[in-house]
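Worksheet: the structure to be examined is printed underneath.
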């Protein structure tokens, strides 16, 4: 959500490549220690940073599938940062695995 709301279109391969390249050039991917994982209530570039449950916002399942497909992203721990309590969080974790399976994403 943070990057997406800032204008990085992580729903497209080119957008993820651009974001990863910028991170590498600014401070190095090896220094990126975690990713907050959540969908966005608002469209790309809205600069509002309002979180939504996985697959229920403007990033959507297909967008997450693109993002999850990058090995660089897979190597960094993901911290779920979605609205709700334990039950909703468990459903969101399940949704992440469903997206990985549905889109046949190879995971290291």
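Cβ atoms are placed via backbone N, Cα and C, with glycine included.
Quick caveat, the model's predicted, so the values are computed rather than measured.
Noted in Swiss-Prot for the protein shown:
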- 2, 49, 51: Zn(2+) 3 binding site (BINDING)
- 36, 81: Zn(2+) 2 binding site (BINDING)
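Positions of Swiss-Prot features highlighted on the structure.
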residue	record	DSSP class
2	Zn(2+) 3 binding site	helix
36	Zn(2+) 2 binding site	strand
49	Zn(2+) 3 binding site	coil
81	Zn(2+) 2 binding site	coil
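Listed in sequence order, the binding-site residues near residue 81 (Zn(2+) 2 binding site) (C-alpha within 10 Å of its C-alpha) are 51, out of 2, 49, 51. Note on proximity: among 2, 49, 51, the binding-site residues of the record, the Cα nearest residue 36 (Zn(2+) 2 binding site) is that of 2. Annotation for residue 2 (Zn(2+) 3 binding site): spatial neighbours 36, 49, criterion Cβ-Cβ under 8 Å with sequence separation of six or more. Of all the binding-site residues listed here (36, 51), it is 36 whose C-beta has the fewest other C-beta atoms within 10 angstroms. Summarising the environment of residue 49 (Zn(2+) 3 binding site), the number of other Cβ atoms within 10 Å of its Cβ, over all protein chains shown, is 15.
Cβ atoms within 8 Å of the centroid of the Cβ atoms of 2, 49, 51 (the Zn(2+) 3 site) belong to the same-chain residues 1, 5, 36, 38, 40, 48, 50, 81, site residues excluded. Using a 10 Å radius centred on the Cβ of residue 81 (Zn(2+) 2 binding site) and all shown protein chains, the other Cβ atoms total 14.
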